[in-house]
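In what follows, a single structure is set out as structure tokens and then discussed.
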Amino acid sequence: MPKRGKKGAVVEDAEEPKTEPEAKKSKAGAKKNEKEAVGEGAVLYEDPPDQKTSPSGKSATLKICSWNVDGLRAWIKKKGLDWVKEEAPDILCLQETKCSENKLPVELQELSGLSHQYWSAPSDKEGYSGVGLLSRQCPLKVSYGIGEEEHDQEGRVIVAEYDAFVLVTAYVPNAGRGLVRLEYRQRWDEAFRKFLKGLASRKPLVLCGDLNVAHEEIDLRNPKGNKKNAGFTPQERQGFGELLQAVPLTDSFRHLYPNTAYAYTFWTYMMNARSKNVGWRLDYFLLSQSVLPALCDSKIRSKALGSDHCPITLYLAL
């Protein structure tokens, strides 16, 4: 339910899972709670140097970036485009754009190299959800949604087919505060899995975006305290595992860095979570098995600011 502020203004709950602070009983109790949440001190993630060659020694030929921008217009005001220009991806995928296509900021025209731009947003909800895909090369084909009316009303999926692979960028529905959309999320997961399996049967698949789940305990800072919260319920984690097995797909980051902890892509704005690195890994590049020989690196750009998520980058040698 929306919450009301002091003057009666409606404040919408955010879509991302949040770790709520516990009530303070005393100064000593507050310090204890903080230590339990973040440990004795913040442990930050250091992104290692980019690996730009595949296991066979082939140089990377494709760079894809994905970023949940938490509002396209606000992200641009926070200099998000400056990071994009410096990173210089061949393909840029954006989630939670919260912007209809007829209201896109003019600043996007500055991305002259990413001239092929595709957008999807809800037809009846301005300022909600939405995804974008910007590409240097013109895709062979572009489509929107997963082909089921129940799941294609909120602008959550763009599919772009290229010569060597199909790219899907997605903003997966959040189960919501109090898990009010968990049942819907489970229906989505089943339909999305079926859709991706069909795509992957015809051409190698790259799936990227905010998939709104921390798969394993290593993928969030406070697993014990979030097992009943959106993004880490047993149902969502099981659905993600079934996606990996059924399509099948491989988590590119965990494939390369199986034991790397404190690597997160989302931090709530509350309680200085980002500076303390109390986060979640919700953003992924998932790859078909046949793409793995081309995998050079899968990066988490945790120092890039502009949203409550950070961008992620994939290098492929195709």
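Including glycine, each Cβ sits where the backbone N, Cα and C put it.
Features of the protein shown, as given by Swiss-Prot:
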type	residues	note
ACT_SITE	Tyr171	active site
DISULFID	Cys65-Cys93	disulfide bond
MOD_RES	Lys6	N6-acetyllysine
MOD_RES	Lys7	N6-acetyllysine
MOD_RES	Lys27	N6-acetyllysine
MOD_RES	Lys31	N6-acetyllysine
MOD_RES	Lys32	N6-acetyllysine
MOD_RES	Lys35	N6-acetyllysine
MOD_RES	Ser54	phosphoserine
MOD_RES	Cys65	S-nitrosocysteine
MOD_RES	Cys93	S-nitrosocysteine
MOD_RES	Lys197	N6-acetyllysine
MOD_RES	Thr233	phosphothreonine
MOD_RES	Cys310	S-nitrosocysteine
MOTIF	8-13	motif 'Nuclear localization signal (NLS)'
SITE	Asn212	site 'Transition state stabilizer'
SITE	Asp283	site 'Important for catalytic activity'
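Structure with Swiss-Prot features highlighted.
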| residue | record | contacts (Cβ under 8 Å, 6+ apart) |
| --- | --- | --- |
| Ser54 | phosphoserine | Ala60, Pro293, Ala294, Leu295, Cys296, Leu316, Ala317 |
| Cys65 | disulfide bond | Val84, Glu87, Pro89, Ile91, Leu92, Cys93, Pro311, Ile312, Thr313, Leu314 |
| Tyr171 | active site | Asn68, Gln95, Glu96, Ser129, Gly130, Val131, Gly155, Arg156, Val157, Gly209, Asp210, Asn212 |
| Lys197 | N6-acetyllysine | Ala246, Val247 |
| Thr233 | phosphothreonine | Ala175, Leu179, Leu182, Lys227 |
| Asp283 | site 'Important for catalytic activity' | Ser66, Trp67, Asn68, Cys208, Gly209, Asp210, Leu211, Thr265, Phe266, His309, Cys310, Ile312 |
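In the three-state DSSP scheme, Cys93 (disulfide bond) falls into the strand class. Ranking the recorded positions Cys93, Cys310 by the number of CB atoms within 10 A of their own CB puts Cys93 at the top. For the motif 'Nuclear localization signal (NLS)' (8-13), the model gives a mean pLDDT of 35. Under DSSP, Lys197 (N6-acetyllysine) is assigned to a helix (H, G or I) in the three-state scheme.
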